[in-house]
Amino acid sequence: MRKIIIAGNWKMHKTQAEAQAFLQGFKPLIEDAAESREVVLCVPFTDLSGMSQQLHGGRVRLGAQNVHWEASGAYTGEISAAMLTEIGIHYVVIGHSERRQYFGETDETANLRVLAAQKAGLIPILCVGESKAQRDAGETEQVIVDQVKKGLVNVDQSNLVIAYEPIWAIGTGDTCAATEANRVIGLIREQLTNSQVTIQYGGSVNANNVDEIMAQPEIDGALVGGASLEPQSFARIVNFQP
């Protein structure tokens with residue numbers, strides 16, 4: 001059975017004090033969540049160490065939002081996978097469209113990051129997704145297949161999460177129809193050699209649409225942006241009712 005993973009991506013939000021306040025409000029709200037659901041918070045680097053200490057032994061896992069592919073070296077501003085595992089981090093988001101758009105990341109560099117993450121014992125969450133222009137041009141399938149194949153070269157698919165995040169739905173409120181997200185995620189699954197890989201949907205997931213999204217047979221979780229910043233809304237997503 002594929003693991004259900006609900007992950008929040010805080011992006012560049014929350015100071016350490018704000019993160020601690022979030023956890024105080026959030027943890028009691030998910031005490032009764034199904035044990036089969038993995039809950040992950042992917043937070044800024046500055047929040048990781050303090051949150052790791054507060055969450056130690058609990059059910060919420062921590063993830064980073066990026067990682068470099070080299071183990072060490074003259075890479076100013078970068079973080080290695082070993083630095084993350086040392087403080088108890090389990091997951092790392094790789095290849096998010098914002099990293100691709102603003103920082104020039106590619107399928108090839110995403111692949112290097114995935115390999116480095118796995119080598120260090122982290123679970124990579126590889127993001128793929130098409131732009132509005134690509135969808136309008138009928139290129140969704142080709143774009144997604146290319147991203148998946150290039151991102152997974154030599155990757156161990158037993159230690160992997162994929163997130164389908166159509167770029168046009170991220171932070172716009174314009175959610176991809178649940179059935180269409182299910183179709184594309186089914187296409188992604190066809191490219192894999194391991195049928196048990198967890199594939200999430202991301203893109204304006206919120207408390208109002210999560211039940212319909214999670215009712216789809218191919219969707220194994222959600223990568224949640226803005227709705228993960230508030231304890232009540234993210235707890236409602238974790239406690240979805242498909």
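Indices start at 1 and increase along the chain as displayed.
Placement of Cβ uses the backbone N, Cα and C atoms for every residue, glycine included.
So that you can see what the record holds, here are the features copied from Swiss-Prot:
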| type | residues | note |
| --- | --- | --- |
| ACT_SITE | His96 | active site, electrophile |
| ACT_SITE | Glu165 | active site, proton acceptor |
| BINDING | Asn9, Trp10, Lys11, Gly171, Ser204, Gly225, Gly226 | substrate binding site |
* Structure fact -> What remains of the recorded positions Asn9, Trp10, Lys11, His96, Ser204, Gly226 once a 10 Å Cα-Cα cut-off to the residue listed as 'active site, proton acceptor' is applied is His96, Ser204
* Asked: So which other residues, same chain and not among Asn9, Trp10, Lys11, Gly171, Ser204, Gly225, Gly226, have a Cβ within 8 Å of the centroid of the Cβ atoms at the substrate site?
  -> Ile170, Val224, Ala227, Ser228, Leu229
* To do: Write down the Cα-Cα distance for His96 (active site, electrophile) and Gly171 (substrate binding site), rounded and given in Å.
  => 13
* Same-chain residues at least 6 apart in sequence whose Cβ lies under 8 Å from Ser204 (substrate binding site) -> Ala169, Ile170, Gly171, Thr172, Gly173, Asp174, Thr175, Gly225, Gly226
* Taking the residues Asn9, Trp10, Lys11, Gly171, Ser204, Gly225, Gly226, which the record names as binding substrate, find the longest CA to CA distance and state it in Å to the nearest whole number. => 14
* Structure fact -> Looking at the binding-site residues Gly171, Gly225, Gly226, the one with the fewest other Cβ atoms inside 10 Å is Gly171
* Asked: Residues with Cβ closer than 8 Å to the Cβ of His96 (active site, electrophile), same chain and 6+ apart in sequence?
  -> Asn9, Gln65, Asn66, Cys127, Glu165
